[in-house]
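Beneath this line is the structure, given in structure tokens, with notes to follow.
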4 protein chains.
Amino acid sequence: MRSPIPDYLTDALRSVAADTSGATADYIPELAQADPDRLAAALCTVDGHVYSAGDADVEFSIQSISKPFVYALALADRGFDEVLSKVWVEPSGDSFNQISLEPESGRPRNPMINAGALVATSLSGPPGAGADQRFERIVDGLSAFAGRRLEVDEAVYESELHHAYRNRALANMLRAHDIIAEDPLVAVAGYTRQCSLLVTTDDLAVMAATLANRGVNPVTGRPVVSAPVVRQVLSVMSTCGMYDGAGDWMTRVGVPAKSGVSGGLIGALPGQAGIATFSPRLDRHGNSVRGVDLFQRFTADMGMHLMDVPGTAREAIADRYVDGDGPDAIEVIELQGDLRFAAAEHVVREFEVRPPVTSSILLDLARIGTIDDVGRRMLLEAVRRLTIDGHEVFVLDPDQVLPDPDPGTGGRITVVDDRGQVRQR
Amino acid sequence: MRSPIPDYLTDALRSVAADTSGATADYIPELAQADPDRLAAALCTVDGHVYSAGDADVEFSIQSISKPFVYALALADRGFDEVLSKVWVEPSGDSFNQISLEPESGRPRNPMINAGALVATSLSGPPGAGADQRFERIVDGLSAFAGRRLEVDEAVYESELHHAYRNRALANMLRAHDIIAEDPLVAVAGYTRQCSLLVTTDDLAVMAATLANRGVNPVTGRPVVSAPVVRQVLSVMSTCGMYDGAGDWMTRVGVPAKSGVSGGLIGALPGQAGIATFSPRLDRHGNSVRGVDLFQRFTADMGMHLMDVPGTAREAIADRYVDGDGPDAIEVIELQGDLRFAAAEHVVREFEVRPPVTSSILLDLARIGTIDDVGRRMLLEAVRRLTIDGHEVFVLDPDQVLPDPDPGTGGRITVVDDRGQVRQR
Amino acid sequence: MRSPIPDYLTDALRSVAADTSGATADYIPELAQADPDRLAAALCTVDGHVYSAGDADVEFSIQSISKPFVYALALADRGFDEVLSKVWVEPSGDSFNQISLEPESGRPRNPMINAGALVATSLSGPPGAGADQRFERIVDGLSAFAGRRLEVDEAVYESELHHAYRNRALANMLRAHDIIAEDPLVAVAGYTRQCSLLVTTDDLAVMAATLANRGVNPVTGRPVVSAPVVRQVLSVMSTCGMYDGAGDWMTRVGVPAKSGVSGGLIGALPGQAGIATFSPRLDRHGNSVRGVDLFQRFTADMGMHLMDVPGTAREAIADRYVDGDGPDAIEVIELQGDLRFAAAEHVVREFEVRPPVTSSILLDLARIGTIDDVGRRMLLEAVRRLTIDGHEVFVLDPDQVLPDPDPGTGGRITVVDDRGQVRQR
Amino acid sequence: MRSPIPDYLTDALRSVAADTSGATADYIPELAQADPDRLAAALCTVDGHVYSAGDADVEFSIQSISKPFVYALALADRGFDEVLSKVWVEPSGDSFNQISLEPESGRPRNPMINAGALVATSLSGPPGAGADQRFERIVDGLSAFAGRRLEVDEAVYESELHHAYRNRALANMLRAHDIIAEDPLVAVAGYTRQCSLLVTTDDLAVMAATLANRGVNPVTGRPVVSAPVVRQVLSVMSTCGMYDGAGDWMTRVGVPAKSGVSGGLIGALPGQAGIATFSPRLDRHGNSVRGVDLFQRFTADMGMHLMDVPGTAREAIADRYVDGDGPDAIEVIELQGDLRFAAAEHVVREFEVRPPVTSSILLDLARIGTIDDVGRRMLLEAVRRLTIDGHEVFVLDPDQVLPDPDPGTGGRITVVDDRGQVRQR
């Protein structure tokens, strides 16, 4: 069987191909002369499979899509406190080329606008790193997100640097406020160089998937940044990633995203996939016209919207019965599905409403998909309370979905691999 | 066994109780004289169970927490196009008492600020409804969200109306721009009356849970608004619900939320729960001090943050093997966990990478939790392609988790309740 | 001889008559249907002679031109401190329909924008005056400026009041900030009524001339407001009178001015004349197209620009000589021209550089035009010092241009009407 | 006799000396370490006499007071059209360190804020001038205003340049908008160097007096810029010279002014004097605390407020009578005072209301002070009309106060030096 996903992506590209509205960025010749008809889409799953269609292996400069990733590096390298003290997290309501510094402090409103991105660049790498060492850290970091060594397009770099008056203005303003400590020209050079890194649409999908996968590159398996960093980056992308259209994007697409002036666009669907598109013509907000259209289709077709509630789930308790009788009788509770807060709550409520009638209890986790941290803690607390109530609790967990099964003071748990182990006790 | 959740809520209240910072709203005596020590939290699951602690049955005026619900009613009553043409969805970057109208059109930036809320009120009920009929619609609608008949606090209403100069200013400005068509004083009276509806913390948890439950009140089982309306409302809450602190809230709490000047605060965790807190002392943003603190604890403790990626899930394919041999051999694929995009993709990829070797195939869905729409469509498309490839596909679905199992042109599927049915064919 | 001034005005009107650009205000039918071809100019001298050309006796509603005059009444009735605490004097940089309140206090930025004008209206008349009494004060005051009883155009009043949503918004906002204390609807009604007073271009010229004449109506001779009030009003007109074009107006016209939406425009040239024009078509700033053009001509032709420095003046000392000899010798100093600071400084310097050689001195003021307060004080101080130096000082002042000729401690002065009186002593 | 003016200035300094509020600028050590107790005032008359008191010969860097003078040079060197296209003339309502560029074009709002001053610097000297040549022009120009060769304080220059991040930000922003065409660093260096020129309070008084004297340095007699340039510069100073306090300054002081961060403050009273003060402690607007206080005293004491209307002037017509009888009878009209618009109008009206009764007429100008251009034109037009009416007009003008006495087509005039000349004809 051939997977339907490539067909789907190809169909999606075809459906938007005729739209030639918008225009390529024209502030440097390298972008102005980009082939405006390039079109690509790629999707990388959290287990590292990449689907793509169109010109997904064509390289282009990453531009502003570097921002969330360098922000992630800064958070990793300097910690939340230092980074937040120098670049905040509120949407600015301004378009991409606004200054958007806080009036008194000069702190940029968020790291997705240029001023904030300059700060993130300045905070990458260890304190005191020189320009070269810092840039090495950025290339290494973004390459780790992409899963391959990225290279700078020197022509784009030179051309952008030549026209970077606005960014020099921002960097000087940040220096005037002591938000950055270094020579503003060095900061701009570093940021411009980071924007000139060449990526393909496939690369971008992998980079986005690394965010969707708690910071672990799903292709290489290599951890790049920690889960708290990813959470911060995705949060900021969701409120600030699409410039002055963040609210509109949230209602219509509902996926943390970031666009770039060269025509790229990424979205990260936590726990599921990273998606990227490429089409160089931009709308008046500076976002890729066909890219935005594609993401709206993906949201509708793939159920990606963060606020979409899945249809009513199957009950967490698949079955409950007493097995055997007399002193050997054991009450079995078979769980199923994913065990996050809602399902765990359902299980503990079941025990409260209908307390077990036998001395021994078996929780059967064999049909459980995922257990998250709160699901685990609630289940263990229930076990602890059942122990205190006088029950002996067995857990059938052949695949070890319940890590570190310690219910805490007063609780006791016996993990078994098959039911026979219970009987043998 | 006693459920640990009430204990958790009680502990959470105790942990914040000592914080007496902030102050009650003082613009009307009714709010200024509210007992500042009141403290409550409630949680309502998507199957309608309400946990609560503290003063959860004390009534107070709903104030701004009415905004998302009346916005939902307006969307339901007038449709997205009309509503969006008169109130937009972008965060304003302004505090709650700013004007925040778009410069030319006068369209309010979003329905969570007062100007936008006035518009939502004016768009509730059928076109041409009089003030009384419209207010009846609003009371009915909010009562349906809460699951009980809500009543107006007439003293609060009279007092607020007496001081509603700012809202009258906004309504006149909206009328000047033809954003509202009615007498501005009537619009303000309607909005003020809606804000004076009395609710308890328990009520608010149920109202939030109705949003978390695709618009169906989980206690009464009654549908209140449609899923697309809910998606819109939750999206706007996530970017605009916390005034000028939307980005900070998203990073630190990560739940669509709304606060009110009387001290209430709600959050809706799609598919899982509605949560509400009550504590009348406000911070300088106008949000309840202890309410914000509680929500930060809930997020950390209950894994509610929208951007939190659950730990790596168990494989969607629990097992795969050929049962029997010769002409009766059938390849069995046992699925587990929730089947959303990522899991469904994994399953279809499995069929591509390792095509089935037998003529008949059995997909065992007995351990599946939830299947969402994209999961269902992908699974059926895989079945269609397998059929075309010459396989006969059986699906074991004892609990009917796969609705409307029609794989489309060229596909065929046979749903069975137990494995015996396959063999009997 | 026929005065050339009427010919000049007629020529000026003719030169702009062909310009039909711009459009009449269209927010109420009464203004939209005004005859757009009306054209008038009038000039009133500070001794009360009115020249006019075109439709100078056609009545139209005064609109925003009432603002500086009502501001003058408020200053007169409540004093500078109270008025300044409630409406400030800075240009807003905003167009006429902006809100322009100071962020925290809600104080309007100046009294030439609507918000500030509403405050000025509310501060007219004695504290505690009812709406009727206050309006009576405003009609009396503006009538005193005009020199005839002004009447309200009731149709314009009713129509404007019907559409006054924006002003109601402003008044409610001001009430919310306690900048006004009364019912916002009453404030708007009063302001709207004041804007509906009917004036002719001739009236406006007299009103402006009253400002140019230190607050005394030059036609009726009746004092209307004090000189300090006039100074304040003219200052505010010069920085805030032309909305968002105040700086441009100052460079190109250089006369304190105010325009109105019905097509009127006034300018006050301190000490010289009041000027008014009328032409209903407005530019995008809301100023009369042909009115602005006429004022630019007047400035160029009549040397009205405040920053225009007259060509080098004739020496203040016309002649100086010793008359007679022996003990009867007297040194005569003949002064000429206007004696303001610069001329007075020249005179006192003369005495320092070339001290008088005779015991008696005669200051001949017969050819002096004006002496202002500083000129008078400096001349008397010089006399005092000359006395102390041992001189006897006579002043020839046949027309009493030097009021209250007391040189203070140690000084002595003898005023004579002709030279013969000196000799007779 | 000793002039009272030095005593007045000394008294004024003494009256403010005790006020030690405010603080010296602290962004560079050279300013931070300035002696905060320095205090000086100087006044230069339009005939070039300089009075001063206190530390009036102490040098300090001119800072922002260079702005109006360099703006004057730019207007002189490039013309109004080019300069206005690149820097506008509206008050910004912003404090001195705001960016204040027009949103679309990037044109600075006025030349008194830093962004606009950078543009003025860039437009000084001939097009295409190198940095050195341009700076030479600026030093020459400002030296011509001051009447002596000014020198750069190299230590201040180096220190300011080292900290000029904000100005570099502005220059880069201007370059991004193509408002300046050169290397932003070169523009900032030029502007910083101009701000580092050393001046004394006496120098500043002379510079201001040059503006008050139609652009001619009253001490050296050398023309520096033209009258239209001066008018433009004074206009802009009056609306934009005191940052965000322009309206307040206009009401309270009423003199075109400019302040600098080193503690200087200048005011120019057109046609009368230039005034300067020096006191390094600044208020929160960045203006010298004691300087502002001194200027308020000067305004009150010296009648400098532009909106102050002198008391009622003496009649322009001093006397009117028929001299002689029979065919030799001649009607004599003796004029007095200054002949600007108002007085000239009075004279021409006299001829209309009471036409001369004799064939010959003598206008006696011997007691006239100043005649400005409009006065001259109106008087000549009256003569022309009298000629046409059949009169023969003699003008007694012993001191040639009426330049170029040609009444135009149909008019005839005979200028005489004494009355005898009339009789001899």
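Placement of Cβ uses the backbone N, Cα and C atoms for every residue, glycine included.
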Quiz item: Per TrEMBL, what member of C:Val50, C:Val206, C:Val229, C:Val261 joins C:Ser64, C:Asn114, C:Glu160, C:Asn167, C:Tyr191, C:Tyr243 in binding substrate at one site?
Solution: C:Val261
Quiz prompt | Fewest Cβ neighbours within 10 Å, where candidates are the binding-site residues C:Ser64, C:Asn114, C:Asn167 | solution = C:Ser64
Quiz item: So of C:Tyr191, C:Tyr243, which of the binding-site residues has the fewest other Cβ atoms within 10 Å around its own Cβ?
Solution: C:Tyr243
Quiz prompt | Average model confidence [pLDDT] within the domain 'STAS' (C:320-425) | solution = 89
Exercise. For C:Asn167 (substrate binding site), just give me the three-state DSSP call.
Key: helix
Practice problem: In three-state terms from DSSP, label C:Val261 (substrate binding site) for me. | Solution: coil
Quiz item: Quick one: largest C-alpha distance among C:Ser64, C:Asn114, C:Glu160, C:Asn167, C:Tyr191, C:Tyr243, C:Val261, binding substrate per the record, in angstrom?
Solution: 21
Exercise. Mind tallying the domain 'STAS' (C:320-425) by DSSP state, helix then strand then coil?
Key: 38 helix, 34 strand, 34 coil
Quiz item: Can you name the residues of this chain that are 6 or more positions from C:Val261 (substrate binding site) yet have a C-beta less than 8 Å from its C-beta?
Solution: C:Ala25, C:Leu31, C:Gln63, C:Ser64, C:Leu282, C:Gly286
